[in-house]
Amino acid sequence: MDQGRATHLTAANGGSRVVGGGGGSVGVQIQQSRRLPDFLQSVNLKYVKLGYHYLISNLLTLCFVPLIIVTLIETSQMELDDIRQLWLHLQYNLVSVVICSAFLVFGLTVYIMTRPKPVYLVDYSCYKPPDHLKAPSHSFMEHSRLTGDFDDSSLEFQRKILERSGLGEDTYVPEAMHAIPPEPTMAAARDEAEKVMFGALDKLFSNCSVKPKDIGILVVNCSLFNPTPSLSAMIVNKYKLRGNIRSFNLGGMGCSAGVIAVDLAKDLLQVHRNTNAVVVSTENITQNWYFGNKKSMLIPNCLFRVGGAAVLLSNKSVDRRRAKYKLVHVVRTHRGADDKAFRCVYQEQDDNGKTGVSLSKDLMAIAGGALKTNITTLGPLVLPISEQLLFFATLLVKKLFNADVKPYIPDFKLAFDHFCIHAGGRAVIDELEKNLQLLPIHVEASRMTLHRFGNTSSSSIWYELAYIEAKGRMRKGNRVWQIAFGSGFKCNSAVWQALRNVRPSHNGPWEDSIHNYPVKTLSE
C-alpha cells in the first residue's frame, strides 16, 4: 500500500492513523471506524447552549407568533359589512366601552404614578493623587524600616505581602506617611480627606457643568475617619451648598459602603422629584496606619492606598439624554448576625495599645458565604429564564432524589457584559473569577485597578468602571455588575445599564496610563 492510499484511509476512517515504519516504509494501523461523527469533538457545545438560551428566552414571543398569524388571516378575510356590524355592536354597548376605557385609563395612571422613578448616573470622577505621593515597594519597605516601629519579622511579612498583593509600583499613600517619622495627626487626616473629596468633586462639577447650588442630596461614606464637623459638612462648607440640602455621612461600613451610599441616594431620589444627588466615596489612611507587629493587622498597610470618587445621580427625565448609565438594581446582603462574620474585619488595639484593623483567617470563607446569599437574591432579577430553569432543575433533582448532583453555577456572563469586582486584594479577585467561571477579560478591570491604584476601599469599583470606559469597551445597552465586600460582614451589588456608547470623561484616572495596560500580574 502506497503512502497516498494510507492517507486516504486515514481521512475516511476517523479512527485510522498512519504510522511511519523503518527504512522509509509506511504502515497503516486501522482502528474500528465510527458510523457517526464524534459530536463532542465536531460540535462546539457553547453554541448549543447559546441556542438553548435563545430558545427559552424568546419562548413567549415564539408562542405568540401562531396567534398573530391566525389573527392576521382572519382580519384579511373580513369584508366591509363585517366591519360595519362590529361598529354597530360597539355603539349599542357604549356604556360598557366607556366603563372599560375609564378603568383602563385609571389603571395606567396608577401604574405610572406608583412605578419607581428611574435613577440616572450623569457622570462620575475619580481622584488621581499627585506623583510625589507614589509609594513603590522598595520605598515603602525602606520607609517602614526607618520608622523603627516594626521588627525584622514584621518587615519580612510586609515584604512578602507586597510581592503577592498584585499592587504595582505607582500606588499612592498620603502625605503624612511620607514623613519620617510619620505624622498621623488630625490636621493631616483632614488635609487628606479634603484633597481627595474636593479633587474628585472639582473634576465632577467641571465635567458636568453642574452648579453646587443645584445639588439637593449629598451622601458621603468614609469608614475609618469621622471628624466633627462631618465630612459631608466639610463639603457643604467648601462649595456653599444650599441650606435645605439633605446630607448624610456614613461611617464604619467598610469597602462596600459605596454601593450602600448609592442605594440611599436612590431611595431619596424616589421621594424628592427633579433632584440631583452627589455620592462621595473615600477612605482615610493617615490616622489608620498600623504601627505594631501583629501580622493580621499589618495586611491593610500593604493593600490600602489613597483614592476617592464622586458620582452625580439624577431623577430628572431631561438628564437621560446626557447620562451615562441607568441604575437597574441594588441588592444588599448583611451577615452581621453571625459572630464570625461580624468580627472578620475588626478595628481594635493590639497588646501594646496600638490601633489597627485586624483581618480574620476566615475572611475568604465568610466572603464566599455572603456572595452566595447575594447572588441568590440577584440571580432571579438579572439572569435569563433559561439559566433559572437549569438552576431550579438541578436543585429539584438534588432535593427530591437525594442525588449526588453538582450544584449548577448560573452563567452570569449571560446577564452582564462587564464586571467591577472590588479590588480588595488578589485573592478576592481570583476566587470570584474561579467561582463565577469568569474569563480573564472580565476581571481585567479589577486586576489593573489593584495594580495601578491599590485597594482604594469603597471607590475602587469606580476606578474599575473608568478602566472599562478608557478601553472603549462600553457599548449602549451593556450591563455592568459592581460588587463589593465590607466589614460587618456585607456583600453589596449594583447593576447599571449603559444608555449610550460611553467614552471616558475628561481628566479620567487612566487618561495618561491606559496605553500601558493590561500588564502581567502574578495570577496570570
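Cβ from N, Cα, C; glycine included.
These figures come from a predicted structure and were not determined experimentally.
Per TrEMBL, the feature transmembrane segment maps to 52-73 (among others).
Per TrEMBL, transmembrane segment is recorded for 94-113 (among others).
Under the heading domain 'FAE', TrEMBL lists 111-400.
What TrEMBL records for Cys255 (among others) is active site. For Cys255 (active site), the number of other Cβ atoms no farther than 10 Å from its own Cβ, over all displayed protein chains, is 28.
Among the features that TrEMBL reports, active site is placed at His334 (among others). A 10 Å cutoff on Cβ-Cβ distances gives His334 (active site) a total of 18 other Cβ atoms nearby, all chains included.
When pLDDT is averaged over the domain 'Beta-ketoacyl-[acyl-carrier-protein] synthase III C-terminal' (417-497), the result is 95. Per TrEMBL, domain 'Beta-ketoacyl-[acyl-carrier-protein] synthase III C-terminal' is recorded for 417-497.
Residues near His418 (active site) in space but far in sequence (CB under 8 A, at least 6 apart, same chain), listed by position: His442, Ala445, Leu465, Ile468, Arg473, Met474, Asn478, Arg479, Val480, Trp481. Annotated active site per TrEMBL: His418 (among others), in sequence order.
Annotated active site per TrEMBL: His422 (among others), in sequence order. Within the same chain, residues at least six positions away from His422 (active site) with a Cβ under 8 Å of its Cβ are Cys255, Ser256, Val428, Ser446, Ser460, Ile461, Ile483, Ala484, Phe485.
Look at TrEMBL and you will find His451 (among others) tagged as active site.
What TrEMBL lists as active site is Asn455 (among others). Under 8 Å, Cβ to Cβ, and six or more positions away along its own chain, Asn455 (active site) finds Cys255, Leu303, Phe304, Arg305, Ala423, Gly424, Gly425.
Every protein chain shown contributes to the tally, and the Cβ of His451 (active site) ends up with 23 other Cβ atoms within 10 Å.
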